[in-house]
Amino acid sequence: MASAPEDRSSLSSPNVIAVKHIDWEVTVDFDASILHGSASYTLEYVTPGSRVVRLDTNFLKIFKVVDPATGEALSFTHHPGIPNKSYLGRQLSISLPTTSIEKVKVFYQTTKQSSAVQWLPPEQTAGAKHPYLFTQCQAIHARALIPCQDRPGIKATYSAKVTVPSWATCVMSAVMKKEETNDKTKIFYWDQPVPISSYLIAMAVGELTKIDISERCAVWSEPSVVKQAAWEFSQTEDFLKIAEEIAGKPYVWGRYDLLCLPPSFPYGGMENPCLTFVTPTLLAGDRSLADVVAHEIAHSWTGNLVTNSTWDHFWLNEGWTTWFQRKIMARIHKDDKFLHFDAIGGYKTLTDTIKREVPDEFSRLVLDVGDLDPDDSYSSVAYEKGFNLLFALETRVGTPEFEKFFQAYVSKFASKTVTSEEFRAFFNQHFKTNAKVKDFDWNTWFYSSGMPPEKPQFDRTLAEASEKLAIAWFEVDRSGNMVPSVNLKDWSSDQITCFLDALLDLCEDQPLKLDTLKAMKQQYGFESTKNSEVLFRFCELAIASEDKDIVPIALRFVTTQGRMKFTRPLYKALFRSKMASDLAVETFLANKHIYHPICTKMVASDLSVSVEEKASILESPYFKVSVVVAAVAVVAGFVLMRKR
Ligand code: BES
Ligand code: ZN
């Protein structure tokens with residue numbers, strides 16, 4: 001077999017012995033907030049005669065390792081971690097007495113520190129009756145759930161037997177085989193017969209129910225949310241059919257279910273095979289944010305079948321998926337202008353990211369992650385610079401040819417992994433007689449930092465009204481013009497988002513005056529919108545203007561959901577403001593336990609605060625007293641752990 005690419009994010013050694021299948025058996029212990037059980041690994045001796053299996057682990061306790069065929073104990077070393085690189089975890093190396101052992105079985109448990117799992121107390125669920133757990137393994141957190149060769153360059157199948165309390169339901173990134181009910185427990189059996197990279201292993205357990213929305217699609221969530229979620233995501237089957245047409249290859253994963261998670265889910269969506277995870281901040285009540293589902297569906301081909309070989313090539317997952325998502329949505333709207341409209345928003349995000357969010361080296365399309373934490377290099381660059389590269393190629397060769405090339409790319413690399421250079425070579429081979437791409441500046445696109453080498457020509461028709469309205473409000477602010485009388489009643493929320501984006505752009509160097517903001521609030525009431533994308537942008541606008549009235553609204557927003565796309569920039573904006581800098585830090589410290597561990601880690605780093613356990617700060621669950629606590633914290637003048 002081909003050897004796995006070098007990947008310094010992993011301490012495993014699949015080029016010695018590779019794992020081909022994992023047979024996982026775990027019990028969920030909500031009282032202790034741990035998973036305990038075992039995993040058996042089917043081995044492939046990639047280097048003949050090898051006697052050592054090396055796996056990644058993090059925050060796991062390893063009890064013993066056996067040869068499951070004989071029950072014989074095998075010796076193992078659980079190496080200490082690398083100083084200052086705790087995110088890489090600890091290598092588990094298992095010595096084999098012979099080279100004929102087919103499997104090894106590891107007995108282990110997770111710990112409370114496990115960065116892959118969030119354990120939610122009942123107060124943080126919609127039902128408020130039972131606890132809940134969900135995992136998030138991308139990029140390198142699978143090793144904190146199960147010992148594994150935690151790198152995208154290695155794919156394995158898995159099966160699982162999961163024991164949960166009898167009130168609970170388990171869902172996974174796999175197909176359910178059967179369910180058994182015992183006295184106090186339920187047991188769920190799962191199978192993922194398509195080889196997947198470790199970052200796609202996923203599980204959620206809680207009081208869950210589902211509504212079927214088509215033969216192969218269901219929407220899962222807590223009972224009180226499920227009707228709303230099923231309505232919001234009712235276009236899923238249509239998205240899936242269109243995706244199959246565009247990819248030119250049927251959906252291979254059997255089921256496509258959605259799980260709408262509690263509000264602390266740190267991403268918009270996660271493409272776990274057979275079961276996409278989504279944030280409840282998509283529940284806008286008008287299906288306007290369902291394009292995230294189109295995005296996760298697109299990953300069923302670009303990402304889950306054709307996989308980035310290492311996190312350096314993450315853009316091949318996300319850039320292609322962003323392109324594919326926009327193609328799906330354009331077909332849903334029966335108008336290619338929607339691709340352009342969405343790409344305009346993406347280009348603004350990219351501009352902001354490169355200007356403000358990321359250090360120079362993370363603005364490159366092809367990254368050099370090395371042994372750094374991949375969570376630190378995550379940004380919109382992979383998505384939007386990636387999309388723009390593909391759009392530039394499509395513009396040169398023409399849409400029909402490029403769409404055919406996409407299908408060829410998917411069939412060529414399906415079930416494999418791919419690097420940027422392999423992609424370039426495949427493209428050049430496919431278009432070797434096409435003069436229009438002869439001089440394409442691949443090296444600048446791939447390896448230079450900063451904005452892309454060329455500016456795209458997007459059709460701006462659908463953005464026109466929004467951009468005009470932004471200018472009108474800008475002139476209200478700067479020239480004292482009359483407040484525009486445009487009625488937004490018939491505007492889509494995408495148009496409103498585009499309006500706010502354009503206005504944020506215009507006000508970049510000088511925020512709006514408070515009077516202008518006040519007039520805008522009176523006219524549109526953005527501060528009470530149900531649409532999280534609109535609320536997010538309005539909060540950004542108002543925080544920049546030091547509008548004190550927005551502070552409780554923004555604090556409520558960041559303490560009632562933990563999606564990093566919103567939570568990180570809003571904490572940062574509050575922190576930068578004059579009016580709420582301290583409050584931002586205090587609110588975060590008072591609420592650090594409500595977030596997913598990844599979100600806690602990232603916000604702590606954004607605000608330069610420590611979240612060490614010894615910083616004993618009042619803790620509060622979602623929806624409860626978080627904002628009040630923050631206010632009390634200021635009054636009482638707690639000594640807070642701040643490194644800044
Ligand atoms: N796979 C990503 C989420 C992810 C990336 C998690 C890297 C961890 C590490 C997912 O497909 C995604 O891109 N989600 C976006 C949705 C969007 C761009 C439509 C998100 O969460 O905002
Ligand atoms: Zn994605």
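Cβ atoms here come from the backbone N, Cα and C positions, even for glycine.
TrEMBL annotations: computationally assigned, not manually curated.
What TrEMBL records for this protein:
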type     : residues                                                                                       : note
BINDING  : Gln136, Cys137, Gln138, Pro266, Tyr267, Gly268, Gly269, Met270, Glu271, Arg563, Met564, Lys565 : peptide binding site
BINDING  : His295, His299, Glu318                                                                         : Zn(2+) binding site
ACT_SITE : Glu296                                                                                         : active site, proton acceptor
ACT_SITE : Tyr383                                                                                         : active site, proton donor
DOMAIN   : 461-607                                                                                        : domain 'Peptidase M1 leukotriene A4 hydrolase/aminopeptidase C-terminal'
TRANSMEM : 622-641                                                                                        : transmembrane segment
Query raised in the report: Which recorded positions out of Tyr267, Gly269, Glu296, Glu318, Tyr383, Met564 lie by ligand 2, going by a Cβ under 6 Å?
Result: Glu318
**Report entry** Distant-in-sequence Cβ neighbours of His299 (Zn(2+) binding site), under 8 Å, six or more positions away
**Finding:** Glu271, Asn317, Thr321
Report task. Tell me the Cβ contacts of Tyr383 (active site, proton donor) under 8 Å, same chain only and six or more apart in sequence, or just say none. Result -> Trp315, Glu318, Gly319, Thr321, Thr322, Gly346, Thr349
Query raised in the report: Could you state the CA-to-CA distance between Met564 (peptide binding site) and the residue listed as 'active site, proton acceptor' to the nearest Å?
Result: 17
Report summary line: binding-site residues Gln136, Gln138, Tyr267, Gly269 vs the residue listed as 'active site, proton acceptor', shortest C-alpha separation belongs to Gly269
Query - Secondary structure content, the domain 'Peptidase M1 leukotriene A4 hydrolase/aminopeptidase C-terminal' (461-607) (per DSSP, counts of residues) - result: 111 helix, 0 strand, 36 coil
Report summary line: Fewest C-beta neighbours within 10 angstroms among the recorded positions Glu296, Glu318 belongs to Glu318
Query raised in the report: Do any residues at least six apart in sequence from His295 (Zn(2+) binding site), in the same chain, have a Cβ closer than 8 Å to its Cβ, and if so which, in order?
Result: Gly268, Gly269, Thr321, Thr322, Gln325
Requested in this report: Give the subset of the binding-site residues Gln136, Gln138, Tyr267, Met564 lying near ligand 1, defined as CB under 6 A from any of its atoms.
Outcome: Gln138, Tyr267
Query raised in the report: Which of the three DSSP states, helix, strand or coil, fits Gly269 (peptide binding site)?
Result: strand
Report summary line: Over the domain 'Peptidase M1 leukotriene A4 hydrolase/aminopeptidase C-terminal' (461-607) the mean pLDDT stands at 97
